[in-house]
There are 2 protein chains.
Amino acid sequence: MQEPLRLGLAGLGTVGSSVARLIEQHGDDLAARIGRPVRVTGISARDRSRSRDFSTTGIEWFDDPVALARSDATDVFVELMGGEDGVALQSVTTALEHGKSVVTANKALLAKHGNRLAQLSEEHGGALAFEAAVGGGIPVIKTLREALGGNRVSRVYGILNGTCNYILSRMEAEGISFGDCLRDAQALGYAEADPTFDVEGYDAAHKLSILTSIAFGTRIDRDSIFIEGISSIEPVDFAAAEELGYRIKLIGVAKRAESGIEQRVHPAMVPKDCDIARIKGVTNAVAIDGDFIGSLMLSGPGAGGNATASAVVGDIVDLARGARTPPLGRPTSSMEPYVRAKIQKHAGGYYLRLNLPDRPGAFASIARRMADAGISLASIVQRNRPAGAAPRSELDLVQSVVIITHETTEEAVRGVLAQFEAEGDVHGRPQLIRIEEF
Amino acid sequence: MQEPLRLGLAGLGTVGSSVARLIEQHGDDLAARIGRPVRVTGISARDRSRSRDFSTTGIEWFDDPVALARSDATDVFVELMGGEDGVALQSVTTALEHGKSVVTANKALLAKHGNRLAQLSEEHGGALAFEAAVGGGIPVIKTLREALGGNRVSRVYGILNGTCNYILSRMEAEGISFGDCLRDAQALGYAEADPTFDVEGYDAAHKLSILTSIAFGTRIDRDSIFIEGISSIEPVDFAAAEELGYRIKLIGVAKRAESGIEQRVHPAMVPKDCDIARIKGVTNAVAIDGDFIGSLMLSGPGAGGNATASAVVGDIVDLARGARTPPLGRPTSSMEPYVRAKIQKHAGGYYLRLNLPDRPGAFASIARRMADAGISLASIVQRNRPAGAAPRSELDLVQSVVIITHETTEEAVRGVLAQFEAEGDVHGRPQLIRIEEF
């Protein structure tokens, strides 16, 4: 039996504590699998005095995570503090510069600094592993980086944010508003006090940027992602989706397009009977299309201390066994720059919900404009007020119409919507949800 | 750039040809990912004269795969010939004994000789990789062996045979008999001329035995699997399943039970809305329950040349990068013997379809026997002939009754079925399908 692999664990929140507990509980089994014991030998966290749900006996305390990262007693630095800069960046950089391996669950850090950190890892010989950064416990990084190494990937997509999926699942099931649902999610601990990061799509975008890099061999470019959140989705959109055979999901999609690689995070109408449509609640799912594999899907817990700890320890097991995979699936020297496909060139169907003035010819006018723009309509659902009922408010003077287009381009759709607004053809902001076929 | 990794490829059927084509098509990308070229330098197949869909220029031909396996020009021996003994066993053994790494898709070989081959791999230092042996292109071996290394697995289960799933999916959708469906599957190339190996559950059992070993750290024991095939399933069972909220799937399940580890392959009633129920056609799916991960599911193409080649090349990429994971997830020295849980102790619900004589008290009699055996009934569906209709044949003199039991044991159910038959309470063979909850 070799010397123990010594872990320096920075960050003892939900995930960090679960990692320590896992190693405590399964230490013997891990040693048997690996042929070498794994021990947490140093820890660092914000509050030293807090009681922990694992034994800290014999574990050295560090006030400064950077000191833990460079300590001679640390073989692998496990960064679970979070944050895209600051002490997380500083300590991870330090560990790598000292030739130590790093395991992290920090998607924000990787989305922003991943290219440079991967290079540091190569230069100094320590590994950089981050299975837990995307999809919680789902081994999607390993799958893309290793198992699908023989494929030319054409698309990777999925449900990458559990908070959004939870909110959308409940809105759909209960017909309640986004705001009510968000408050409930916050009360239950499924959404943060400041939910912007999740509900506006940034968290999913960070994760997508990492997947894109590995899938397509391009440098991480989180700033080139088209992002829309879910806060504008209304109960009426779910009702229309149901009627038209769709569900609404916040998806992340990266795919090869003519002008480059599309990276998008936005709510989408997905066919009711597809696998992605069936993913409910806080579950995540990632699907990968490749030229030899065809299509593969992984689904499981996208968050939570234990599931994320499972991914972190999976990485530790790999390192302990001596695995050295390039962090982004290939040496940074052979990665290509990311070329962003223009969102205006995005081709697909669209769901549009428009409020039209209740006057003769209102629909004919928008239909003509769409025809002129070369947009052909697949379905139209018009909801009039009950025949003979008098208008009760100004709102009753408009009629809501839902349109599903055949495949067209973002450019064409945006063009006609701008016309509608300029010419007063519609009341208020039109709703636009892209349709995604799998 | 290092020296090329030289592959000796034995077997040029559908999978072998796809592997050669993949490497030909993606050679540059593979070299970039790995930092080292990968080349097929030697091949061996049954018929030298057959034309191939990849270029054989510069590739040495071997009449004898064993010679290819031990050739100094072979770094990695890729065995895609199939067969649980014979030349496959001989050549894989030879390669390992010469310290070479082996990649194989041969589940039959591994199910029978995997323990010894894993040991040979350890003794001589060559790797033994076999992602393609289970679930085609789905990276389930990697997931269990590496990604979930921190978990204590409690259950692994799935749809492991595409032929059976295709047949059951069509029987369900079209209400046709097993025989008709099998003939169609044979015509379409989804079933072999001799389908026994697939439809009687042996193929799924071989795959399950490998998963069990890695999931539970026990030696492979393919002879301790409880196996039932799908040939006794009738259209009426699908009709009853539909009515009761189930689908019928051939599943493989391995789980920890009180008396050991249960390994079962059999048709099962699975709740209609569970993930496994949704897997249609030749798709495979594997789900894993672990103490930290919770539950994870992988689904994708379970067979086919290209998908299987994707898995084979994934293994080659790992080897080329220098990965050395113990073949069965831990050193053979720290594996435990497999202790078989008694199938008689299997606990679960049961679907029973019985033909009762059409006489007063027939059902009361079987209901009493079941109550006496401590079996409680969850649902009963009795199908009488239309009221007033005269019996048209002897068959009309029996009534078919479908019973769903609450959780009970195999022992109790088998006990009452034996009684029914002994006492003439039923006509013909009762149908028994286990219910599996997820």
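Cβ coordinates come from backbone N, Cα and C, glycine included.
Those TrEMBL annotations? Automatic predictions, nothing curated.
The feature NADP(+) binding site is assigned by TrEMBL to B:Ala10, B:Gly11, B:Leu12, B:Gly13, B:Thr14, B:Val15, B:Gly16, B:Ser17. According to TrEMBL, the feature NADPH binding site maps to B:Lys107. The feature L-homoserine binding site is assigned by TrEMBL to B:Glu192. Positions annotated as active site, proton donor by TrEMBL: B:Lys207. What TrEMBL lists as domain 'ACT' is B:351-434.
Annotated features, which come from TrEMBL, shown on the structure.
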residue: B:Ala10; record: NADP(+) binding site; Cβ neighbours (10 Å): 27
residue: B:Gly11; record: NADP(+) binding site; Cβ neighbours (10 Å): 26
residue: B:Leu12; record: NADP(+) binding site; Cβ neighbours (10 Å): 24
residue: B:Gly13; record: NADP(+) binding site; Cβ neighbours (10 Å): 13
residue: B:Thr14; record: NADP(+) binding site; Cβ neighbours (10 Å): 16
residue: B:Val15; record: NADP(+) binding site; Cβ neighbours (10 Å): 25
residue: B:Gly16; record: NADP(+) binding site; Cβ neighbours (10 Å): 27
residue: B:Ser17; record: NADP(+) binding site; Cβ neighbours (10 Å): 21
residue: B:Lys107; record: NADPH binding site; Cβ neighbours (10 Å): 27
residue: B:Glu192; record: L-homoserine binding site; Cβ neighbours (10 Å): 14
Treating G and I as helix alongside H, and B as strand alongside E, what does DSSP give for the domain 'ACT' (B:351-434) in helix, strand and coil? 29 helix, 32 strand, 23 coil
List every residue in the same chain as the residue listed as 'active site, proton donor', at least 6 positions away in sequence, whose Cβ is under 8 Å from its Cβ. B:Lys107, B:Ala111, B:Ala133, B:Val134, B:Gly135, B:Leu160, B:Asn161, B:Gly252
Do you know offhand how many angstrom separate B:Ser17 (NADP(+) binding site) and B:Glu192 (L-homoserine binding site) by C-alpha? 19
Quick one: Cα separation, B:Thr14 (NADP(+) binding site) versus the residue listed as 'L-homoserine binding site', in Å? 14
Spacing of the two Cα atoms, B:Gly16 (NADP(+) binding site) and the residue listed as 'L-homoserine binding site', in whole angstrom, works out to 18
Reported as an integer number of Å, what is the Cα distance between B:Leu12 (NADP(+) binding site) and B:Glu192 (L-homoserine binding site)? 18
Give the sequence-ordered set of same-chain residues, not counting B:Ala10, B:Gly11, B:Leu12, B:Gly13, B:Thr14, B:Val15, B:Gly16, B:Ser17, with Cβ within 8 Å of the centre of the Cβ atoms defining the NADP(+) site. B:Leu9, B:Ser18, B:Val19, B:Ala45, B:Leu80, B:Met81, B:Gly305
According to DSSP, does B:Glu192 (L-homoserine binding site) fall in a helix, a strand, or coil? coil
Which of the three DSSP-derived classes (helix, strand, coil) applies to B:Ala10 (NADP(+) binding site)? strand
Between B:Gly13 (NADP(+) binding site) and B:Glu192 (L-homoserine binding site), what C-alpha distance do you get in Å? 15
What's the CA to CA span in angstrom from B:Gly11 (NADP(+) binding site) over to the residue listed as 'L-homoserine binding site'? 18
DSSP three-state assignment (helix, strand or coil) for B:Val15 (NADP(+) binding site): helix
Rounded inter-Cα distance in Å - B:Glu192 (L-homoserine binding site), B:Val15 (NADP(+) binding site): 16
